[in-house]
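Working notes, beginning with the structure itself.
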Amino acid sequence: MAMAVVDSMVFLFLLPVALFFNLAASQSTGYTNHTVGGSAGWFFNIKTQKASADYSAWAAKQTFNLGDTLVFNTNTNQTVIQTYNATTYKNCTADYASDDDTFQYQGGSNEFGKAMTITVSLTLEGQQYYFSDADDGSQCLNGMAFEIKVGHGIGLPPSLNQPPPPPYVEPPSTVEDAESPPITVVTSSPNGCVRSSAGLFFAVSVLVMLALHLV
Ligand SMILES: *[C@@H]1O[C@H](CO)[C@@H](O)[C@H](O)[C@H]1NC(C)=O
Ligand SMILES: *[C@@H]1O[C@H](CO)[C@@H](O)[C@H](O)[C@H]1NC(C)=O
Ligand SMILES: *[C@@H]1O[C@H](CO)[C@@H](O)[C@H](O)[C@H]1NC(C)=O
Ligand SMILES: *[C@@H]1O[C@H](CO)[C@@H](O)[C@H](O)[C@H]1NC(C)=O
């Protein structure tokens with residue numbers, strides 16, 4: 001009887017969750033490649049000190065989800081810094097950033113003006129930031145920066161997913177531990193408050209044990 005009530009409550013709780021995921025899955029059929037800046041790419045004109053696109057406006061029009069990819073069509077005059085740290089983003093430099101929350105994507109060339117395409121997989125939900133820290137931060141301060149919010153979507157594809165954690169192993173416990181009720185501690189305690197809460201604990205324990213015997 002008690003189990004039946006619990007089961008239907010679990011069901012009532014899970015129903016909207018299941019419906020939500022069903023809806024989310026049917027709305028997105030796959031993962032999206034977002035080409036940063038569209039056809040303008042990820043460029044900065046050093047003479048006019050202007051970014052080739054309004055990246056914040058571009059980002060505001062996109063929906064980003066786990067497993068999507070950002071594609072930066074650019075050259076080695078710009079950098080691609082990804083950070084989860086708003087302070088680093090506002091600072092426009094990765095010089096003071098921690099390795100845990102900030103990553104530089106390399107094109108693999110030290111030569112100026114070499115064409116490169118940098119792809120970044122979105123593997124974490126939530127707010128994240130991109131900027132170019134080239135020219136001592138002046139690129140970033142002049143528009144080479146944008147922030148995005150990554151939603152869950154259909155979740156990560158298996159290729160980007162982490163391996164599952166090892167199975168849970170119960171910590172060792174002795175039979176005495178399981179059998180000695182906390183009430184024995186309380187009878188010697190002069191504190192009435194502790195006694196009454198222990199009494200309540202005992203009553204609840206009895207109810208739980210009764211319920212377990214019923215099923
Ligand atoms: C995204 O780009 C990759 C690599 O270029 C390509 O294999 C994939 O099909 C693209 N996905 C979509 C949804 O366009
Ligand atoms: C963000 O980065 C700054 C350095 O740029 C660091 O001082 C701060 O602790 C970081 N914040 C978080 C939440 O890690
Ligand atoms: C970035 O942080 C450093 C160290 O706190 C500071 O000297 C520099 O002025 C900051 N730059 C910007 C653009 O906020
Ligand atoms: C790249 O930067 C170098 C050095 O500032 C400059 O001479 C060159 O014109 C730039 N090339 C492009 C394609 O922006």
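Cβ atoms are placed via backbone N, Cα and C, with glycine included.
Copied from TrEMBL, the annotated features are:
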COMPBIAS  160-170  compositional bias 'Pro residues'
DOMAIN    32-152  domain 'Phytocyanin'
REGION    156-182  region 'Disordered'
SIGNAL    1-26  signal peptide
TRANSMEM  197-214  transmembrane segment
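Residues of the domain 'Phytocyanin' (32-152) grouped by DSSP class, helix first, strand second and coil last, total 22 helix, 44 strand, 55 coil. Model confidence over the domain 'Phytocyanin' (32-152) stands at 96, taken as the mean pLDDT rounded to a whole number.
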